[in-house]
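Novice: Supplied in structure tokens, the structure appears directly below.
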């Protein structure tokens with residue numbers, strides 16, 4: 001989950017205290033946001049549910065330790081996410097620099113991950129899957145119109161608001177790439193189950209076309225309740241998953257009832273040659289996608305008009321870049337600890353334990369390198 005908080009032009013505003021039993025920042029009571037509870041953690045740090053004292057609005061705040069963790073992925077996430085304003089995308093609010101962390105403040109989606117919903121249901125009915133897929137494509141289409149490809153679309157990066165008919169919200173733009181700001185993607189990023197074959201070939205690829213493949217994996221999981229390219233005998237063998245992706249080796253189980261139209265759409269998405277794969281505009285005109293399509297998803301202009309501008313002025317790009325530059329400087333306590341532990345050589349023996357594989361997959365299934 002992604003979250004963050006910052007006051008425009010006031011990087012020194014957030015004093016920190018340390019919570020019981022943890023070495024993570026809590027914004028001081030005098031600050032704008034107050035802690036409600038922790039809501040997640042990952043390689044980045046922790047995400048917390050916070051309350052805006054002025055508006056009483058709940059927000060999600062992602063804390064990333066200052067220093068080397070403020071890398072290109074973090075900067076890309078913030079720069080790209082800041083430009084996106086759409087009902088199916090988690091809203092970026094601001095960044096705050098604390099003495100020890102960079103905090104990214106964003107909209108809170110109280111309905112949790114779409115992944116959690118599918119786990120509870122095993123799989124969705126075709127109508128329910130279509131309802132969420134329509135929203136996913138609406139959000140992805142908007143991203144692409146803004147020249148941003150996500151590159152890590154998956155159920156875990158799609159959140160739901162708390163409404164009775166949940167609205168899907170795309171989050172986590174840490175791997176996203178803008179064709180305006182960046183070159184064509186070359187790096188292998190994302191989660192193996194969702195990665196398009198051309199991404200695995202270590203050549204330049206069209207990030208928008210790769211996003212289409214990932215959307216197809218999401219659709220398949222919703223209607224089937226399993227990943228399309230996992231080996232049924234060894235579902236956690238990620239190397240086999242990668243090989244099956246490269247061979248476009250998948251099937252729909254006989255016991256799963258899916259309409260011919262849905263099967264056709266899936267078959268048009270899972271095409272190994274990206275130049276022959278269905279595009280987002282073509283998906284939006286596909287018969288299966290158009291069935292029961294909500295009126296507000298038919299027109300991009302009407303979707304944009306639903307986006308309410310925040311009361312507070314948005315931080316300028318210059319302000320954000322200044323905060324990011326300062327965030328790359330480690331906190332003083334970390335520098336002292338580094339000096340103290342550096343002389344002990346505690347980590348020397350660990351340097352020889354690097355994996356010798358070309359494609360490095362950790363136990364969670366994340367691709368953990370970039371060419």
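From the backbone N, Cα and C atoms, a Cβ is placed for every residue, glycine too.
Keep in mind it's a predicted model, so treat the numbers as computed, not measured.
As annotated in Swiss-Prot:
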- 152: active site, proton acceptor (ACT_SITE)
- 39, 40, 41, 42, 43, 44, 45, 46, 47, 62: ATP binding site (BINDING)
- 33-289: domain 'Protein kinase' (DOMAIN)
- 282-371: region 'C-terminal' (REGION)
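Give me the structural setting of these features: burial, nearby parts and distances.
Specialist: Under the DSSP three-state reduction, residue 152 (active site, proton acceptor) is assigned to coil, being neither helix nor strand.
Residue 47 (ATP binding site) falls within a strand when secondary structure is assigned with DSSP.
Confidence over the region 'C-terminal' (282-371), given as mean pLDDT on the 0 to 100 scale, stands at 66.
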Novice: Check residue 41 (ATP binding site) against DSSP and tell me helix, strand or coil, would you?
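Specialist: Where residue 41 (ATP binding site) sits, the three-state DSSP reduction gives strand.
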Novice: Using the alpha carbons only, what distance in Å do you get between residue 47 (ATP binding site) and residue 152 (active site, proton acceptor) once rounded?
Specialist: 19
Novice: Return the count of C-beta atoms lying within 10 angstroms of the C-beta of residue 47 (ATP binding site), excluding that atom itself.
Specialist: 22
Novice: Between 39, 41, 45, 152, which of the recorded positions has the fewest other CB atoms within 10 angstroms in the structure shown?
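Specialist: Counting other Cβ atoms within 10 Å of each of the recorded positions 39, 41, 45, 152 gives the minimum at 41.
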Novice: Can you grab the distance from residue 41 (ATP binding site) over to residue 152 (active site, proton acceptor)? Cα atoms, rounded to a whole Å.
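Specialist: So the alpha carbons of residue 41 (ATP binding site) and residue 152 (active site, proton acceptor) sit roughly 18 Å from each other.
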Novice: Could you state the whole-number distance in Å separating the C-alpha atoms of residue 45 (ATP binding site) and residue 152 (active site, proton acceptor)?
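Specialist: Roughly 19 Å, rounded to the nearest whole number.
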